[in-house]
Amino acid sequence: MSVVNRSTRSAFSSLKTVVQFFLRNIFVDEAVFPRRAHRFTAIYSRDKEYLFDIHHRCFFTNAVRSRIVQFILDRQYFEDRDKDPRAFGIDRLVVANVYCAAYPLHDGEITEKGTMREALYTHWASVNKWYRYQPLDYVKEYFGVKIGLYFAWLGFYTYMLLLASLIGIICFVYSLITLKDYIPVQDVCSEEQTKNLTMCPLCDYCNFWYLKETCFYAKITYLFDNPSTVFFAVFMSFWATLFLELWKRYSAEITHRWDLTGFDVHEEHPRPEYLSRLVHVKNTRTRIDYVTNIQEPKVPFWRMKFPATIFSVSVVFLLIFLAFVALVAVVVYRMSMMGTLKYNKSTMTTSSAIMLATASAAFVNLCLLYVLNYIYTQLAEYLTELEMWRTQTQFDDSLTLKIYLLQFVNYYASIFYIAFFKGKFVGYPGKYNTILDYRQEECSSGGCLTELCIQLAIIMIGKQAFNSILEVIMPKIWRKVMAIQVGLSRLFSSKGPDINKEKVERYLRDLKLLDWGSRSLFPEYLEMVLQYGFVTLFVAAFPLAPFFALLNNIFEMRLDAKKLLANYRRPVSQRVRDIGVWYRILDSIGKLSVITNGFIIAFTSDFIPRLVYRAQNEDHTLNGYLNFTLSQYNITESDYMRSLAGDGSNITMCFYADYREAPTSPQRYHLTSMFYIILACRLAFVVVFENFVALVMILVRWCIPDMSIELRDQIRREVYLTNEIIIAKEAERARLGLDRRSCSACGHDYRADTM
């Protein structure tokens, strides 16, 4: 028995050692980034300065100091206010070439040992450290709260993608394993089953084709349209809710640790641009801000605010319409590509031609996205400036909503079109529904789900790969341009920097770096939120989306860190409480994903038709399912079809995917009763799916509070202790004041008595 106990303890000790070794290599290396002690804090007040430890060397961190200096520089007048009311702010002096730039200094070089910049670059920004947790406290101390929160959110999002990626891969592996036993694929690939199945043309330029040509595409379709798809769609809806709820909980811990619990966004001061534009407005009223108690100018609503808002909304709708025009252009390109391939008598089959046209159209769509994105961003910033937002937070939120709305339409319009509209209202042979005498697009022989998967993969993976390449290459190119500009200014200006001095002075070396700007974090958030939309909105059509998102984010996190440390000047610290309007956007995407995935499973995939066929089939299998989904058309009823088949052809019937009566039926080509049964089941599935997932989301939100009980008790305890310290300090101050008055009344020198 003792031998067994010793063996058990030895095995447990070995396992514990392995786990500890694993955790040491995953968590933040405390030898490089020691754990920071938590201190009691309160909002600073000059009148109550005696309550604060102002002599502590870290009373104001470097990030806070840079924010204070920037606040002063943004509002300091450099000329008489009466002569030029807009003569204030460091930005105007930079524009006037009085100064080259204004920026905080980096802490040494990235290769200079012992500096925080080198430690972050080596142990945080390195791609080799992708498996380690981020030293978020040190990131926040170096760059400020806003950038620290971005990396905290990105790290948490990437961490949560691990589970989604694992389940997605399991579902994909399941589809690979069960592919060989899937009866409809066996029927499509079987020569005996499909040798007499001649399919009707899929477009005006297409010819008759054989169903056996789609064997490969049928296999690809099953990989993304199988029983595990429904499970994964339900899981991802649950995952999206779990992600947001756990982020709120994690965010509460960060907010407390970084002393943001008592931060009120209404304490934010007006933007300098806001004040400068109101200077020249006649008859401007003023108001007393109810938080800061400072008198401020008020924007005239009917003269400025209302017209600017109407104009902004009108332009946004115009840009949305432009995005739909781009979608129509891609559809026209795809149809033209098909016509070109057929008129040039290409040797490829109809199925291959459609797939080539689909893939090339997706690339064209991706190129259009980048062109429109640039236009949208420039116009959105101009429109937001017209709206006269008081604070930087209000300005950023308005700009975020505009650009995201435009980007949402830009990126997702083509995907929504393929998922819910393409091939749904085409009619049937002999009576196709047309638009401007052109037949509507049909899905390829592999089905709409295959096209949707291709579109998602090209746009999502292509966009991520292209952005990653740009993030690596473009900063280096712009740094070279900046170095050339500095060199030219030294060459042609007698006041240019001295070369020997440049090797020593930190500010001259940082001058060659790129300017980060106040809104440079916006594209980083936008890229990740758009990716989150791909991961959640259409995951039923592409279960591997979370996996590719995970791979991208592992590199994205480190590349963003390296970019900030090596290629950009140190940003001015910005204080925020949370990720702002981005959380509300993420929450809206999560709710919309329930609807989109429900409709994709019900109307785009073949899940419901298969379910109905199994229920009505005697042996409850999919034997004969292929014929169940096809209808016949007599080509002798159409002159176009007869000419297409040729005079010597023996083709009299062609098949198409639909539920319609046979040519020999009294109600030929009318929709069958089975069509309406399947339609009713699809609608019923959408209702059941969405209500079930909504119930699960409600339960998740109810089970996970926004703040842990331990953290809530800790905050209450700290508030109590802080109040006790304040009361003790006030009592001590009152007692000392009373002693001074007593000594003065007695004629004693208080200072001498206290020596």
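A Cβ is built for glycine as well, from the same backbone N, Cα and C atoms used for every other residue.
The average pLDDT computed for the domain 'Anoctamin dimerisation' (6-136) is 78. Residues or ranges marked as domain 'Anoctamin dimerisation' by TrEMBL: 6-136.
Residues or ranges marked as domain 'Anoctamin transmembrane' in TrEMBL: 139-718.
Per TrEMBL, the feature transmembrane segment maps to 150-177 (among others). Long-range neighbours of the transmembrane segment (150-177) within the same chain, counting only residues 6 or more positions beyond its ends whose Cβ lies under 8 Å from a Cβ of the stretch, are 133-134, 136, 139, 222-224, 226, 228-229, 231-232, 235-236, 239, 242-243, 246-247, 250-251, 254, 521, 524-525, 528, 532, 535, 539, 543-547, 549-550, 553-554, 556-557, 560-561, 579.
As annotated by TrEMBL, transmembrane segment applies to 229-247 (among others). Distant neighbours of the transmembrane segment (229-247): 153, 156-157, 160, 163-164, 167-168, 171, 535-536, 539-540, 543, 546, 583, 586-587, 589-590, 593-594, 597-598, 600-601, 605, 607, 689, 692-693, 696-697, 700-701, 704, 706; these residues of the same chain sit at least 6 beyond its ends, with a Cβ under 8 Å from one of its Cβ atoms.
Taking Cβ pairs closer than 8 Å, the transmembrane segment (308-333) reaches residues 361, 364-365, 368, 372, 375-376, 379, 383-384, 386-388, 402, 405-406, 409-410, 413-414, 417, 441 in its own chain, all 6 or more past its ends. Feature annotation from TrEMBL assigns transmembrane segment to 308-333 (among others).
Marked as transmembrane segment by TrEMBL: 353-377 (among others). Distant neighbours of the transmembrane segment (353-377): 202-203, 206, 217, 319, 322-323, 326, 329-331, 333-334, 337-338, 341-342, 346, 403, 406-407, 410-411, 414, 444-446, 451, 454-455, 458-459, 462-463, 466; these residues of the same chain sit at least 6 beyond its ends, with a Cβ under 8 Å from one of its Cβ atoms.
With a threshold of 8 Å between CB atoms, the same-chain residues lying at least 6 positions outside the transmembrane segment (398-420) that come near it are 312, 316, 319-320, 323-324, 326-327, 330-331, 362, 365, 369, 372-373, 376-377, 380-381, 383-384, 387, 389, 443, 448, 451-452, 455-456, 459, 463, 519, 522, 525-526, 529-530, 533, 537-538, 541, 580-582, 585, 596, 599-600, 603-604. Per TrEMBL, transmembrane segment is recorded for 398-420 (among others).
Annotation comment: TrEMBL describes 529-555 (among others) as transmembrane segment. Sequence-distant contacts of the transmembrane segment (529-555) (same chain, six or more residues past either end, CB-CB distance under 8 Å): 127, 130, 154, 157-158, 161-162, 164-165, 167-169, 171-172, 224, 228-230, 232-233, 236-237, 240, 404, 407-408, 411-412, 415, 419, 449, 452-453, 456-457, 459-461, 463-464, 468, 582, 585-586, 589-590, 592-593, 596-597, 600-601, 604-605.
Annotated transmembrane segment per TrEMBL: 675-702 (among others), in sequence order. Beyond the ends of the transmembrane segment (675-702), by six or more residues, the same chain brings 233-234, 237-238, 241-242, 245, 590, 594-595, 597-599, 601-603, 608-609, 611-612, 658-660 to within a C-beta distance below 8 angstroms of the stretch.
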